[in-house]
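K.L.:
Relevant sequence annotations retrieved from TrEMBL are reproduced here:
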- 23-139: domain 'Acyl-coenzyme A oxidase N-terminal' (DOMAIN)
- 146-255: domain 'Acyl-CoA oxidase/dehydrogenase middle' (DOMAIN)
- Thr149, Gly188: FAD binding site (BINDING)
- 285-446: domain 'Acyl-CoA oxidase C-alpha1' (DOMAIN)
- Glu431: active site, proton acceptor (ACT_SITE)
- 485-661: domain 'Acyl-CoA oxidase C-terminal' (DOMAIN)
Amino acid sequence: MSRWIQDGDNVDLTNERKKATFDTERMSAWIHGGAEVLKRRREILAFVKSVDDFNDPVPVEFLSREERILNNARKVVAMTGNTDQIDGSDFFGEGMYYQALTMGRDLHAMSLHYVMFIPTLQGQTDDDQLDEWLTKAISRAVIGTYAQTELGHGTNLSKLETTATYDPATEEFVLNSPTITAAKWWPGGLGKSSNYAVVVAQLYTKGECKGPHPFIVQLRDDETHIPLKGIRLGDIGPKLGINGNDNGFMLFDKVRIPRNALLMRYAKVKPDGTYVAPAHSKLGYGTMVFVRSIMIKDQSTQLAAAATIATRYAAVRRQGEISPGKGEVQIIDYQTQQFRVFPQMARAFAFMAAATEIRNLYMTVTEQLTHGNTELLAELHVLSSGLKSVVSWDTAQGIEQCRLACGGHGYSQASGFPEIFGYAVGGCTYEGENIVMLLQVARFLMKAAEGVKKGTANLADIGAYIGKTGGKTSRLTTHHHYTDKDLIEDLEHVARKQVFRAYDRLKKAQDHLRPEDAWNSVSVELAKASRWHVRLYLVKNFLNKVSLAPQDLKFVLTDVARLYAYDIITSSIGAFLEDGYMTSQQINEVKEGLYECLAKLRPNAVSLVDSWDYDDKELKSVLGRRDGNVYPALLEWAQNSQLNKTEVLPSYHKYLGPMMKDARSKL
């Protein structure tokens, strides 16, 4: 029997779990990387549940912002004080899971301390700086953040306005914010919590600007926590989500810092002001690539949570009759509901598979960089940028579809969707605005297309399709005989066609426009090319991962993977019909394949989302709770409302009561 079935559960949800045609526990082990990893997850879960300091006093939706920040500070101190419970070297796995269980869908005073401040110290300090700062950071003797984004500039790093001007007379840099738009804006924990930061500023020495460089800067007094002279700090106010974190602003007024505040593993400034450039211009990208890499895992986790809630609730909720007189049906039986929710589940599986691959590539590149090998750095930068853009956008849209699929109750914060969406949608803009990321990928694609045209291309596997000739028409006959190879070739055709469409338009535009104007004039087509490039990678990677799955899981995973691919094709029919590459009959076959996937996944849907192994403590949703007892739980949840602490509100005594009394007196 499934470990997810317990006495007292909602009958409909229990029956769904009994329908599964695969072993949920084996699927969980496959998803998370093996039985031992799954065991460790549950050990971490048991520990978190055993510590009272990790519990919230009430559901966080009922806390004020000040209460959330205080609550999160309390929990993060407890969380980081118990890190011996996890493998600290496994941030992608145990670290992220431990934090999700403890902090929920919110950030905290030390989020950037661990995700950006420490990785930057590890990746960009020289040996002396590492000795001075890393122990302080890891031991929590300081709280750091990463201050790069400014009020006036985010993705366009070359135009950051904060300056660090070197003074050889004192061997100091002078940090300054020359304009309002130079204010650092958005860094997590900067507003009130952090007392140190890695600050990215334009480095000036000997009258020349050497571009943006990272500096470690003390912001607040170690004892009083008061901002240091010349540094103005504050919180930027409420946001769409993650309001338990004090995102902040910062301005400098000619603040002096020592020469060795410049992080000098790669670039250096000598005492006399001589600048020593890094051996490779992209070596400083490590921290940003790291964050984008873990973002893909995080985004896939949020979409999976949304799909879990929508799928379980669809099994519990009964509404309407398909056959008159036969009683109300579970809404999961409606094909329209399946069409809305199941593709989001498939996306989450595909994104998780990509997250594993990008993590492995990141670890490989990190190791290579320690030996000065930058061979894979460009590929990782392109792949992480493209995936960050496509995955975060599809995740945001998918979460919203799952919310809509839950009807009116999905609009309640009890559902978990507002928290999930508010947390995840920020990923569309932080760490690189999505369209800008796509255009960075497009530069790689245009270089590849140029190489193919000239016969000089040396393409890695991810871009090899650009150099293929390919067939003029699809080989699809029926969806039952649509092989992975044929499916991938059809996606390659569309991706390749879009790459060369953008390339040809760019070359034509360059005949009469300046290069930058030509690029802008075809930027929509360039972004489309990048999206197809990433979608192709996602499908190929997912199909490959499924092909290596155990035989007893492969059949259901194949349905999931096919649904993901068919959904992409049927959402872009015009691209496949263009130039007669596919016929209307072939498109209809793909649609039939999609509908068949929905029907085949119907009895396995609940067990598939169970396989992600979400405990209620992590899922934090009344609608998606494991036992399916949604309606009593909704009523119980509502009792936490501050408005329910009294039967009659001041608003009645002050406004509504007098209004009605006055109206009655005139009747």
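Using the three backbone atoms N, Cα and C, a Cβ is placed for every residue, glycine included.
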K.L.:
Any idea which of the recorded positions Thr149, Gly188, Glu431 has the thinnest Cβ neighbourhood at 10 Å?
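P.N.:
Counting other Cβ atoms within 10 Å of each of the recorded positions Thr149, Gly188, Glu431, the minimum falls on Thr149.
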K.L.:
In Å, rounded, how far does the Cα of Thr149 (FAD binding site) sit from the Cα of Glu431 (active site, proton acceptor)?
P.N.:
9
K.L.:
Please average pLDDT over the domain 'Acyl-CoA oxidase C-terminal' (485-661) for the predicted structure.
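P.N.:
The predicted confidence over the domain 'Acyl-CoA oxidase C-terminal' (485-661), as a mean pLDDT, is 97.
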K.L.:
Which numbers of helix, strand and coil residues does DSSP report for the domain 'Acyl-coenzyme A oxidase N-terminal' (23-139)?
P.N.:
89 helix, 0 strand, 28 coil
K.L.:
What whole-number Å value do you get for the CA-CA distance of Glu431 (active site, proton acceptor) and Gly188 (FAD binding site)?
P.N.:
12
K.L.:
How many of the residues that make up the domain 'Acyl-CoA oxidase/dehydrogenase middle' (146-255) does DSSP mark as helix, as strand and as coil?
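P.N.:
Going through the domain 'Acyl-CoA oxidase/dehydrogenase middle' (146-255) residue by residue, I get 6 helix, 49 strand, 55 coil.
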